[in-house]
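Taken verbatim from TrEMBL:
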type	residues	note
DOMAIN	20-114	domain 'Sarcoglycan alpha/epsilon N-terminal'
DOMAIN	122-209	domain 'Sarcoglycan alpha/epsilon second'
REGION	248-272	region 'Disordered'
TRANSMEM	282-305	transmembrane segment
Amino acid sequence: MEICAVGVFGANAEIKFTIPVGRLFTYELMRETFQNDFEPLSKLYAGRLYDDAMTFKCNRQNYPDLPEWLRFTQRHSYDNGFLYGTPTSPGKSIIEVYAVNKRSYETARQILVIKIVPEKMLPYQAEFFIKLREVEKVLPSSVQDEIKQDLQKLWDTEALEIVNVTNALDRGGRVPLPIAGHFEGVYVKVGSEQYFSDCLLKVQSPGYQRQCSAEAKVKIPGGCNFCSIPSNCITWCKIELFDLTKQEPSPPAPTVGSGILESGGDFNPPESPPSRDYIPDYIVTVIVPLILAIILCLLLAYIMYGRREGVEKRNGKTNEIQLYHHHTILDNTDELRNMSGNRGVSPPLSTLPMFNSRTGERAPPLHSDSPTIPLIMAQHDPYSDTLPRK
């Protein structure tokens, strides 16, 4: 990868890269570079030195997003940012990087000109999963060199290049718990011109695949453990080998015509579809629901009005019987009074007005100017006891 920087004011520079197709590209956005642009050297002599939080905004020039092969990551505002990815076709991309100072809200701009040149794809590639790493911890060149050294021993060749680095979350991985010792995981793909080593070929053996499918603790093949740093150790059951020499060639692209139909006579439009009878559909969707609605309305009307009229008739008949008994009692009372009057016997005291049932005395008639006459003695004399006593 060739790098050429043009500019003299730190972050306000145009940086040019030339990278081949199928190789990993990484660029670290250094906070110190942009901090020097926010705080000129004249302020440093005054004794003020800041370490501000920064966020980076990256996009393709005149476009809202980055190219599809390029990704950006920044874990925290006090960490450096990374642009990384693997181009798949030659071309040229101009990337604009904006740094925002979270203290003063100043901005700085940087231009990256990435030229992608064609290159032959490495025929033998292998992908490894590193469980105890996160993508921004793998992108620094020093860490890539450490991982490459272990994989070179495993592949038994030094002609090894990193092809791609992918966050496990982008491959459907689960977000780890925010506890120490839990990481997202990283997929690292490398390639070489040399065929796979014996250690890598053992991964594809049926016995080894059965152990991985059983989710049992898999033993590392003998003489194949080249992990010098524990955090760089690979997961053996997730190794995938890619032999590009055996892949079928892609089908040829379709030929683009002139867009003009060849002369073949008059155009015959397709015939209209046959007519269709919609009456059965109309009956099923309209008439049948309408009939059901009418039946339900009639049933509801019968329940609310027909049965209610019968209840009212029964209640009216009961009231007539009660009135008949009442009139019968009144007629019998008048008949008894008439019979006692004809015998010349004084009427019972209980039939006389203002009769005291306890003492058997008849109260004298009341003379009052008030048109209202009390009906019982308790209203005339509130202190009299009208209850029967033994």
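From the backbone N, Cα and C atoms, a Cβ is placed for every residue, glycine too.
Through the fold, the region 'Disordered' (248-272) approaches none of its own chain's residues that are at least 6 residues removed from its boundaries at a Cβ separation under 8 Å.
In terms of DSSP helix, strand and coil, the domain 'Sarcoglycan alpha/epsilon N-terminal' (20-114) has 12 helix, 41 strand, 42 coil.
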